[in-house]
């Protein structure tokens, strides 16, 4: 319903291509608007929006007061007179006066001063920001940018997101491709992992964290002490750079502490990933699964953005007394946009959950196969067919639970940004704590859902029954597999940090070139979000395979006893690894208890 309404009522071309004051969309052929005699013109060759008084723009009710036209090219040199306007139109084919004024009448019509741009016309450039002609004169440029940014700042969150997406669309796409390349590098590293590769990955993560934190603090210091920082968007960039720098520094300290604590288990982790790699080598098509998931996510995100743009431009055309056209937004659009945003979260989580359950099903099929030298044929396709035939409800429920926890956290962050302007310290602290708590719950639920999907693949039961069985199995074997799973998941998490860290660094460098016209918050957060989703999609192959293997091992140990009647399904290499890790854990516990007894002083009764 939302999609159909957006397509019928919206006109995303107005936002992407730009439009003039008479209802014409630049760069395409238009249909007439009733009551607007200058509408319905063919603007195929006129792709840029030009304002008649670009040096003295004013904003009224979220609209720029100046008359705008569609032109084929922007004036590269200053035009000082009507004769210059006439020569420019004849030489370049770009008319800068209102459409009903003939070029030959520029110098003869007494109303030419009202129908033509304010003189002198400053040189402008077709900057790729909504295809507008941006004046290059310093004073005009500052005024022009301030008005556009003020218009964006006074819009609601929905329109700010639209503006951020469109303003940095080329950079966001390029950085998404960069994140994809980093994902391939990390996947190959985990597939052919060796001790040297683990040390190299950790060294790169440490270097990336320290470097990104240092660059953020340097940019913040540079922006803060720059005397030319006058525009509102530049001041917002300074605030967001400070927030990013503090957050990055905290993450760096926490991760460096964890790396220091777990450094002695690197060889243990290498052996673990070699076993996971052996399982994946039996199902080589698992490595291609994230690629299909990523392509499906990209198609869905493009579709979602297209619907969002259509919703943002849904409105009715109304003519004014001057023959101009204004678009009035329809009532209820904001609520539909929030509903559409919930659909983004739920559908994205559903697609990722389908990938998790596909991997879990393939691992379960190969694990519970007696003949290890002859793996089952097409386990991935078999897992996908079982999901769509029997377990779609399980995936929908699991992704919906994640969405339920994620939406309140986003709402709390939005309230935090509102209270930040009112300087309510106690309320901000409470909201931040609640948001962090929901984030932790979301992570725990996501981890638990993976085990639910694996249990569903093993037993073929519903979501609720599988959840109950997963809790029972994890309660019995949590102490046995906690340290093993923790080390593996931490190394995988470092791989995600590597992708996000270096992608965000690239975003900082890219967005820094357009610091005057773009606010950093939306595009940079969008880049970080896409990088995390891509890294999570690709590296979840190893994460889900690892968790599914150990859950299958726990079920195998509980169901079978190793006798001739009930032999184990487990591979001998995995069994030896688990026994070795358990022996190391028990030995560490005994040494700790003996040390505590030796250091302690026992009081004896007096005789």
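Just so it is clear, glycine is given a Cβ too, placed from its N, Cα and C backbone atoms.
Curation does not apply to TrEMBL; its annotations are automatic.
Note that the coordinates shown come from a computational prediction; the quantities given were computed from them, not determined experimentally.
Per TrEMBL, the features are as follows:
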TRANSMEM  172-193  transmembrane segment
TRANSMEM  200-221  transmembrane segment
TRANSMEM  241-262  transmembrane segment
TRANSMEM  283-303  transmembrane segment
TRANSMEM  380-405  transmembrane segment
TRANSMEM  490-511  transmembrane segment
TRANSMEM  517-534  transmembrane segment
REGION    588-607  region 'Disordered'
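The stretches the transmembrane segment (241-262) and the transmembrane segment (200-221) are in mutual contact, each linked to the other by at least three Cβ pairs under 8 Å (pairs 6 or more apart in sequence). The stretch in 172-193, 283-303, 380-405, 490-511 that contributes the largest number of Cβ pairs under 8 Å to the transmembrane segment (200-221) is 490-511. Listed stretches 172-193, 283-303, 380-405 were compared with the transmembrane segment (490-511); the greatest number of C-beta pairs under 8 angstroms is found for 172-193.
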